Amino acid sequence: MTGVSLSSTGTTSENADRDRPSDARRLRRVTVAMCAAGLTVFALLYAPQSVLPHLAASYGLDPASASLAVSAATGALAVAVLPVAVLSEFTGRRPVLFCSVVLAALIGVLLPLAPSFPALVALRVVQGVAIAGMPAVGMAYLAEEVGSAGAGAAIGAFVAGNSVGGMSGRLLAGFTSDWLGWPGSLALVGVFGCACAAVVIWQLPPTAHHRTARAGSASRTGAAAGVNHAASAGGAAPAGGAAPAGGAAPAGGAGRAGGVGRAGGVGRAGGAGGTDRGRPGVLAGLRAAVADPVLLTQYAVGALAMGAFVALYNVIGFRLTSPPLSLPASLASLVVLAYTVGGVCSAYAGRLAGRVGRVRVLLAGLGVAVLGVLITLPDLLPTVVLGVVLCTGGFFAAHAVASGWVGARAPAHAKGQASGLYMCLYYVGSSIGGTAGSAAYGHWAWPGLVVASGSWLLLAAVSVLLARVFAARTGTGSAMPPVSAAS
């Protein structure tokens with residue numbers, strides 16, 4: 001599969017054992033379970049976004065306050081993902097995955113029973129911590145448990161589950177909210193999550209290849225946290241996984257240079273390049289991940305672009321259901337189908353960047369996103385929908401290339417740490433940007449949101465230009481390396 005490297009640090013015979021026909025049933029179980037896991041957590045993570053207008057009306061909230069139902073979970077996820085990745089080194093990946101999907105689903109069922117909005121936000125914080133287990137260890141689990149012959153199908157199903165989950169949670173909650181109210185629609189998503197969690201419990205086989213870390217050694221922390229960032233977006237990666245440059249997955253995810261395997265990713269036993277370096281190695285990787293100015297610019301691109309994107313989706317429901325458009329919430333929720341365009345754009349952007357360079361594709365993607373935001377200004381349904389589609393496509397194109405650049409740029413010993421930092425800041429941008437953009441909408445209506453999101457996207461473009469300057473100074477450039485047949 002394009003964009004996946006599973007050159008394990010283990011022996012060839014060990015990979016061959018996992019590729020034998022007798023393991024086909026195990027591969028099917030892993031594939032089904034991980035697809036269901038992605039459906040579970042990302043449907044639950046983003047479902048409240050579609051019912052924010054109902055929450056605001058029910059509790060008498062302004063858009064910024066209502067947006068905390070989304071930002072609380074994504075912020076908790078950002079804080080928890082690296083500690084959870086460390087925990088998985090000692091407990092194993094499978095228990096973390098089980099706890100993640102089960103707790104997230106159970107909390108999803110409890111959300112409609114929250115006696116107050118602060119209680120609902122508190123539940124969302126706990127749910128965000130639970131959900132962190134999936135992006136923290138999902139790709140690492142697949143790298144350890146799936147042989148090279150089945151990697152494409154398993155990772156493709158995992159990414160597809162993440163993508164469909166993020167979209168289906170929004171769509172299911174929003175489309176049913178007119179009839180069931182926000183409690184009923186979130187309860188329905190919670191039941192859906194429980195059903196998917198049951199599939200995970202039923203299908204996910206016992207771990208066969210992971211070795212837990214010895215006390216005092218967390219050398220694989222960064223590698224375990226190097227995850228699929230399309231999943232992080234809750235949305236639109238191509239079903240085939242990542243793009244050639246890492247696609248929507250940075251280091252340690254499904255990206256070519258991101259390295260599930262020898263290039264600093266996850267080896268057979270979950271090692272970072274197959275070594276047990278201990279805390280000094282982890283700290284050295286973290287220092288390298290923050291010392292490179294090009295990497296810092298890409299962290300900024302991810303955070304700023306995600307903030308602008310989530311802000312748009314947080315308040316688009318308010319815009320569509322308010323005069324003069326005045327759509328019912330069920331119809332307004334259909335705008336989330338724009339995510340399908342994002343999947344196509346993220347895949348194409350990865351391939352295009354290999355031909356014309358990352359900087360050009362990043363600037364083009366961000367430019368399209370800015371254009372989309374501006375097009376939403378007129379109070380005309382066709383222009384609003386077109387603008388959302390353009391913004392979605394531009395965002396996912398930029399996100400795919402930025403996250404892939406992180407994976408390709410980071411040194412071998414820092415790939416996992418760099419991708420973990422990208423993901424943390426990505427979700428920090430989601431939390432802060434989503435709430436700040438909602439506040440701008442509450443104070444200055446839709447033009448306020450346009451100014452806020454447009455400004456963040458322009459700042460992201462400035463970060464890209466700075467990346468080009470820094471890359472030129474170091475002589476590395478911004479062109480992407482060719483993709484080998486094995487990647």
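Cβ coordinates are placed from backbone N, Cα and C, and glycine is handled just like the others.
What TrEMBL records for 1-13 is compositional bias 'Low complexity'.
The domain 'Major facilitator superfamily (MFS) profile' annotation in TrEMBL covers 26-475.
Per TrEMBL, the feature region 'Disordered' maps to 1-23.
Annotation comment: TrEMBL describes 30-48 (among others) as transmembrane segment.
Among the features that TrEMBL reports, transmembrane segment is placed at 68-88 (among others).
Residues or ranges marked as transmembrane segment by TrEMBL: 95-115 (among others).
Summarising the annotation, TrEMBL assigns transmembrane segment to 121-142 (among others).
Marked as transmembrane segment by TrEMBL: 149-173 (among others).
Long-range contacts of the transmembrane segment (179-204) within the same chain, counting only residues at least 6 positions beyond its ends with a Cβ under 8 Å from a Cβ of the stretch, are 29-30, 32-34, 36-37, 39-41, 43-44, 47-48, 50-51, 54-55, 58, 94, 97-98, 101-102, 104-113, 168-169, 172-173, 330. Residues or ranges marked as transmembrane segment by TrEMBL: 179-204 (among others).
Annotation source TrEMBL lists transmembrane segment at 296-316 (among others).
Per TrEMBL, transmembrane segment is recorded for 328-349 (among others).
If you look up TrEMBL, you'll see 361-378 (among others) marked as transmembrane segment.
As annotated by TrEMBL, transmembrane segment applies to 384-408 (among others).
Annotation comment: TrEMBL describes 420-444 (among others) as transmembrane segment.
Taking Cβ pairs closer than 8 Å, the transmembrane segment (450-471) reaches residues 293-294, 297-298, 300-301, 304-305, 307-309, 311-312, 359, 362-363, 366-367, 369-370, 373-374, 376-377, 391, 398, 405, 433, 436-437, 440, 444, 477-478 in its own chain, all 6 or more past its ends. Annotated transmembrane segment per TrEMBL: 450-471 (among others), in sequence order.
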Per-region confidence, the domain 'Major facilitator superfamily (MFS) profile' (26-475) (mean pLDDT, whole number): 85
Stretch in 95-115, 149-173, 296-316, 328-349, 420-444 most in contact with the transmembrane segment (384-408), if contact is a CB pair under 8 A: 328-349
Criterion met for the transmembrane segment (30-48) and the transmembrane segment (149-173) (at least three Cβ pairs under 8 Å): yes
Proximity verdict for the transmembrane segment (296-316) and the transmembrane segment (121-142), three or more C-beta pairs under 8 Å: no
